[in-house]
Amino acid sequence: MRMTIGDFLIRRLKEIGITEVIGVPGDFNLNWLEQIEAADGIRFVGSTNELNAAYAADGYSRARGVSCLLTTYGVGELSALNGLAGAACEHIPLVSIAGAPPLFATEKRWLLHHTLADGNFGNMLDSLRPFTALAERITPMNAVDEIDRALRTCLREKRPVHLQLPSDISHLSINVPDEPLDTSLEPSDPVQLEAVLERLMQEFAAAKNPVLLVDQDAQRHGFLDLFAQLVDKIQLPYAQMASGKALLSEQHPLFLGTYNGKASWPGVRERVEGSDFLLTCTPRFIEVNSGSFSHELHEENIVDFGDQHVNIYGEHIVGLDTAEVLAELLERLPAADGAGAANSDDQPSSVNPEAVLPEPFEVRAGAELTQARLWPQVREFIRPGDTVIAEAGTSNIGLGPQRMPENVRYINSAIWGSIGYTLPALLGSQMADTDTRHLLFIGDGSFQLTAQELSTILREKQKPIIVLLNNRGYTIERYILGMDREYNDIADWAYNKLPEVFVPGTEMVSYTARTEDELADAFTAINNSDKGVFLEIHLDPEDAPAGLQAFGPMTAEFDYGPRGPRN
């Protein structure tokens, strides 16, 4: 069949579940935007800048499974690059499209705006390749192959891909396939599959202390439901990494807590490091989720489930659809007798506050808000099924030890950690999932980096609950270095007036809380309303969660050494 290149790209995006394209218009992408405007089942959502658009596309993908970002050549691509790098780092499928100069101009190496005026039209793709699984320019000759290859690569490798769409080709008609895009994985090699299953059954039978350790790739590759069923069927205790928070239930009796090397609760570390059969899903240990590389896990005890491979005690086995391996393993393993628990009487050292259901929070009337008591109060406000977005720094560290209710989607940038990410990510997650309540917890310093995206949230008539921590600066940096230094201070905005500034007459309601009872009253009002909320919480600049107080000196020691400026 015949179809224009632009329409074929739109068709393929819709086939993989994308209904919004997030980005910024530019002269090289307007032709394709016209085609989006004319298409059914997909729309363009303009962001305030390309970096924010990339963050929003990241948030969209975390809720939907894949997303699409649109920029323009050069200035737009490079503006979005930080967000694309974060998506690459966090294994987020994201299709990035950039409107590019017309083919005739690139072929003749004309000097154009949005370039270095040197006739080089390959430097932008070269800049993006280290941060994407694929970066190519579409032409009439390669359009079908490159579009399909890019989308398959994006979905299979769980990383961004980048395509440049020259401005003069999106309306050109080409031959395209009738059938929808095939994104299925190659099935397992039957002989290899049977050999792996027999080996795993033997190892399960011999294991005395099996434990599952969950990180973010378990979600990215679609293994969570299989792992959850495995936990229930064989009563398998499990821990999570900080970068995999709340992927499996934190309310389950077999939940151990968070493993973070020497920064773990002792019982969690003992159970994970003492396991003779540790199941993992390609965990990535960086300094902030491993207690500064203090984790002690031994390859001879680890079975790791990758995307299309399994590692058994260091032996790398390929030719597998890992979901098929897990499903068949689940079918073959015998069910355990009775229900187990992570913290049984014969394993008292495994008990830790994170894995014990907390006592109800009691509000102290008139008591100023403190980090130590704020987060338990917040925990009781979060509902089952909420989407909780936690900004890097105080918010993510404060929420980390709090047990999330069932079925909470927890979004953070645990590894990349680019501050300001979460406000645009909130925009994207709400676009992708309109059925759940979305809560953002963000510090004032992070908010100031991307604040203008609040205007898009309001323009889209979204109704999030935005909780802004006003502690007048970069508290996480204060605990690393410069507690009272001016470089960690920021301007003290009138934050709760911003919704009205961005959209006069907005229905978003603003609250301010300085005490526990003021916060409790705000939470009650929010629960009794269906409007969007901007809640500003005032905290002491030198107050921090216990985890951050420990994290700061540890980071300073790692960054600057024993002779650094703290010592």
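Each Cβ is built from the backbone N, Cα and C atoms, and glycine gets one as well.
Automated prediction, rather than curation, is the source of TrEMBL annotations.
As written in TrEMBL, here are the features:
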type	residues	note
BINDING	D444, N471, G473	Mg(2+) binding site
DOMAIN	3-107	domain 'Thiamine pyrophosphate enzyme N-terminal TPP-binding'
DOMAIN	198-316	domain 'Thiamine pyrophosphate enzyme central'
DOMAIN	403-537	domain 'Thiamine pyrophosphate enzyme TPP-binding'
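Taken residue by residue, the domain 'Thiamine pyrophosphate enzyme central' (198-316) breaks down under DSSP into 38 helix, 30 strand, 51 coil.
All protein chains included, D444 (Mg(2+) binding site) registers 26 other Cβ atoms within 10 Å of its own Cβ. Averaged across the domain 'Thiamine pyrophosphate enzyme TPP-binding' (403-537), the predicted model reaches a pLDDT of 97. Note: G473 (Mg(2+) binding site) has non-local neighbours D444, G445, N488, D489, I490, P541, i.e. same-chain residues 6+ apart with C-beta under 8 A of its own C-beta. Summarised by DSSP class, the composition of the domain 'Thiamine pyrophosphate enzyme N-terminal TPP-binding' (3-107) is 55 helix, 22 strand, 28 coil. Within the same chain, residues at least six positions away from N471 (Mg(2+) binding site) with a Cβ under 8 Å of its Cβ are T394, G443, D444, H538, L539, D540, P541, D543.
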